[in-house]
Amino acid sequence: MDARSLSGILTEVREKRPLVHHITNYVTVNDCANVTLCIGAAPVMAHAHDEVAEMVAMAGALVLNIGTLDHRQVESMLAAGHRANELNIPIILDPVGAGATRLRTETAKTLLHKLHVSVLKGNAGEIATLAGAEGKVRGVDSAGVSGDPAEFARGLAEKLGLVVAVSGATDIVTDGKRLIYVDNGHEMMGKLSGTGCMASSISGAFAAASKDYVTSTAAALASFGVAGEKAAKRCEGPASFKIALLDEIYRLTADEVAHNIKVRFA
């Protein structure tokens, strides 16, 4: 595994143009749709219980995001997730705010228990909570953890048999055996609501293109980070950064990712 093989997944996404089915929050739904389009995939935002099983059958990946949670949405997530599992369609779960309230924490645990999730992507506080470690979450943001995020991510990945991605200044991706650190990104990405959700959407597109979910997730986060670095060079603040970020994702090439990727293997 090297920079060239990671960057090549972007090319596969654009060649395959997979459909990425989202059941996500209403705060960032438009951002997630746009970033999915810009990376080269096709989004569909369908949450009605009566159609999700039918819709996910057409998709290359399913992204579940609990950012604006209610019980009807959970029922739709389970219905779509069960159908995705039947068809071997990868599921990316973003457990937004797990650790902040009992509803969010228990919902994330229920989804992990009842579905075979391929990639669990969250901030350090969310992942620590789900790993049984001490994590602090304020609203939907991590407010600190006790211990090494890489170690509790690795333990959780091994226990559940999935890939865990921990977002932060340095992203961590592990399946319990392999461990990848991704150092791409820019602090402006933390000044904008929705960048974590957008990263989950890109992870879904990459998972649809490559069944090695450690590699695909690391490539997705690195590609998003490279675009963020490029966007930060020509913005004046969060609003212009958002527009520049979408533009840079749209313009991003595999060669640019290969030349600018910052990954470490442990």
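Quick reminder: no glycine exception, Cβ is built from N, Cα and C everywhere.
Taken from Swiss-Prot, the feature substrate binding site applies to MET45, GLY194, supported by sequence analysis. Taking a C-beta cut-off of under 8 angstroms and a sequence separation of 6 or more, GLY194 (substrate binding site) has the following same-chain neighbours: VAL27, THR28, ASP31, CYS32.
Taken from Swiss-Prot, the feature ATP binding site applies to LYS121, SER167. Long-range Cβ contacts of SER167 (ATP binding site) within its own chain (separation 6+, distance under 8 Å): LYS121, GLY122, ASN123, ALA124, GLY196, ALA199, LEU221.
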Legend entry - Intrachain C-beta neighbours of MET45 (substrate binding site), sequence separation six or more, cut-off 8 angstroms: HIS22, ILE23, THR24, VAL29, CYS32, ALA33
